[in-house]
Amino acid sequence: MGDSDGVVSTRRRRATLLAGRAASVQPADGTSAAAGGSSDTPEVSTDIVPGQKRERSLEAVGRSTKSEKRKRSNCDISKRLSCHKTQESLLSSASGFSNYRGILNWCVVMLVLSNARLFLENLLRYGVLVDPVQVVSLFLNDPYSWPAACLVIVSNVFIMVALYTERQLSKGSFSELVGILVHYINMAILLTFPAAVVLLVPSVTPVGGAVALGTYTILFLKLYSYKDVNMWCRELSTAKAKKLVRSLSCPSAQHFSGGDHKVCYPGNLTIRDMYYFVFAPTLCYELNFPRSSKIRMSFLLRRLFEMLFFTQLSVGLTQQWMIPIIQSSMKPLKEMDLSRMTERLLRLAVPNHLLWLMFFYWFFHSSMNFTAELLRFGDRQFYSDWWNSETVKYFWQNWNIPTHKWCLRHFYKPLLRRGFSKMVSQSAVFFLSAFFHEYLVSVPLRMFRFWAFLGMMAQLPLAWFVGRFLRGNYGNAAVWISIIIGQPFAILMYVHDYYVLHYNEEIG
């Protein structure tokens, strides 16, 4: 009996081992090995093995889920325990926050609402005063002579004289002394001739004279830069510095796109190159300007629409708002004391400032980008963030980038190279700017009060005071105040005196 029991137990162990081996080679579809046709292995059911695996996997998932729940619970508890961290308030400069678009929109809404009452009062008191025909008559007082337009056409003579002089200098027909003399005579006549015409020809209107003189002033600055750059190219050629000549005259290919041809001196002395520079939105000449790849028509049309819109808006604002205030402030001029006169002139500061802002956007963004896109001119930095100016110096450096570049390149740095101090050079730059401000205001109005000149020169002590005693937001506020009641206020004083001199009988 003992032997038979041992044999039976041995067979059972063998069957169990065979069943385990069969389970290890079970097909992937869950069928048993016996179902696959193996006759050596007894028919033993193996469905319990994958079921055990599934149960174990479910148990493992349940344990992991419980552990994750415990972790999340612990995290929630830790978050409830501490709710503070080191951070700055958004309105402080240390926070690094810079998205104030909502506040800017709020300021615009408040500005519109605050001036809506004044606009309604103006309409109720004066009615609709906008008249586009009257604006055209300002330019064309004598439609058969068009003196301002004729002045602009005559400016081509000075352009051709400058080009001819440079060609003769490149050939060696003129000496450097003769060339410089011809250039200076040409530019002196360029400034005095249109001023004499505006002062002596009665049919030239103030607006037409201002446009003509502005055109001649821009042309003066351009021709001065044209003279300097070509002179520098000749100096480098004379010194036989070929590498420096190439670096100046033929910049690297990264500045050009679309297969534009690179020009080297004296190949730039052509009529096409000259007039491209005359119409380009810059005052500083280069032999090879950076060029954009193509003209974007959608961008061009948007800028054109902005130019037309802001032109009409400025005309309407001037006729409907500013002129009535000026006329009403001058009617009781004889019996008005200084305080009331100052109060009425200050009322003009807001509409004048709005006009100045619209002119800035119209000229430096819309019209200059329109011209640059049309000519594929690549450098579009016509202004920087002058509205964030914390010093007067930063404002004058960034609100008119083309003029600042010209002053820095052709006036300020040459003075430093000649041994002048920074203070003297800066004062000379402000003096030159003050001269042109007075030139563009007094000559068209045919009266000389020197308020624009004095207002510009007053920027020097103001710049020192703001830079020395005011910082941050206080300095920015001081800059804004100087913009609102500074130079624009001086221009309004010219307009006031113009009305007094020419319409005193009508308003007396």
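Along the chain as shown, residues are numbered 1 onward.
Note that Cβ sites are derived from N, Cα and C of the backbone, with glycine treated the same way.
Please treat TrEMBL annotations as automatic predictions, because they have not gone through curation.
Straight from TrEMBL, the features:
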type	residues	note
COMPBIAS	18-41	compositional bias 'Low complexity'
REGION	18-73	region 'Disordered'
TRANSMEM	103-124	transmembrane segment
TRANSMEM	144-165	transmembrane segment
TRANSMEM	177-201	transmembrane segment
TRANSMEM	207-224	transmembrane segment
TRANSMEM	346-364	transmembrane segment
ACT_SITE	His437	active site
TRANSMEM	448-470	transmembrane segment
TRANSMEM	477-495	transmembrane segment
Spatial neighbours of the transmembrane segment (448-470) far in sequence, C-beta under 8 Å, 6+ residues away:
390-393, 396, 426-427, 430-431, 433-435, 437-438, 441-442, 478-479, 482, 486-487, 489-491, 493-494, 497
Which bits of the chain, at least 6 residues beyond where the transmembrane segment (207-224) starts or stops, bring a Cβ under 8 A of a Cβ in it?
138-141, 147-149, 151-152, 155, 158-159, 162, 183, 186-187, 190-191, 194-195, 197-198, 277-278, 283, 285, 403, 406, 410, 436, 439-441, 443-444
Among all protein chains shown, how many Cβ atoms are found within 10 Å of the Cβ of His437 (active site), not counting that one?
20
